[in-house]
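J.: Questions regarding the structure given below will be posed in turn.
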Amino acid sequence: MSLVRGHGDIAATTAAPLSEEGEVTSGLQALAVEDTGGPSASADQAEEEGEGGREEAEHEGSGAEEVQGEAPSPEGEERAKGESEDWCVPCSDEEVELPADGQSWMPPPSEIQRLYELLAAHGTLELQAEILPRRPPTPEAQSEEERSDEEPEAKEEEEEKPHMPTEFDFDDEPTTPKDSLIDRRRTPGSSARSQKREARLDKVLSDMKRHKKLEEQILRTGRDLFSLDSEDASPASPPLRSSGSLFPRQRKY
């Protein structure tokens, strides 16, 4: 018993302090060795207990170092506090416009007394401010109902306008040609722009028929209708020389 206890004391002094569970297990192992009864077995058991205690102590030491590494250092705590305290509040306009003495503007007591007396006497104070001119109001946009009311009126006006005939308005009905010999001479005193000329299909057709009739007359008689009229008016005038063209001279209509 003494030897076992002696070896157990040596192992306890060389190894790191064990936990409570480790002590219980080591005690049970010592009792088991005592029952078997052998000095060599007890010595081996003591050595094994010493090695196990060393391993447990090393493991506990490494865990403590990891915990210490994870814990924030005092310098890091001071920096975090400094960053949290580094804040500012923007100044108001009154603080920016403070005079050199650092006191805000206040009217003199005499002015305050005068204003209170005016309020007591009249009840209101006149506003002393420059009134700027205002621009005219923006016209309101027309609603859809007003637009719909204006559209039928515009359509009615377009329908009421008379149709102006053009040369491309074809009419299949036969029309009587107008007199081909129209006197274009204007009377003195009348303006040259008294009548507006309009292109009409019936006028174009009448001109075509008139030219065709003149060509047939020239081919049949060899003379123009205008030359016959001039010969009847003045028989003593010399005859015109015939040329190879269909229209020997320029005609005026």
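Numbers run from 1 along the shown chain.
Any Cβ shown, glycine's included, is placed from N, Cα and C.
Per Swiss-Prot, the features are:
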{"type": "COMPBIAS", "residues": "51-62", "note": "compositional bias 'Basic and acidic residues'"}
{"type": "COMPBIAS", "residues": "142-159", "note": "compositional bias 'Acidic residues'"}
{"type": "COMPBIAS", "residues": "195-223", "note": "compositional bias 'Basic and acidic residues'"}
{"type": "MOD_RES", "residues": "Thr138", "note": "phosphothreonine"}
{"type": "MOD_RES", "residues": "Ser143", "note": "phosphoserine"}
{"type": "MOD_RES", "residues": "Ser148", "note": "phosphoserine"}
{"type": "MOD_RES", "residues": "Ser237", "note": "phosphoserine"}
{"type": "REGION", "residues": "1-109", "note": "region 'Disordered'"}
{"type": "REGION", "residues": "116-160", "note": "region 'Sufficient for interaction with NCOA1'"}
{"type": "REGION", "residues": "128-253", "note": "region 'Disordered'"}
{"type": "REGION", "residues": "161-253", "note": "region 'Sufficient for interaction with ESR1'"}
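How buried are these features, and what lies next to them?
T.: Taking all protein chains in view, 6 other C-beta atoms sit within 10 angstroms of the C-beta of Thr138 (phosphothreonine).
Counting every protein chain shown, the Cβ of Ser143 (phosphoserine) has 9 other Cβ atoms within 10 Å.
Within 10 Å of the C-beta atom of Ser148 (phosphoserine) sit 9 other C-beta atoms, taking all shown protein chains into account.
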J.: So what's the mean pLDDT when you look at the region 'Sufficient for interaction with ESR1' (161-253)?
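T.: PLDDT averaged over the stretch: 65.
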J.: Can you tell me whether DSSP puts Ser143 (phosphoserine) in helix, strand or coil?
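T.: In three-state terms, Ser143 (phosphoserine) counts as coil.
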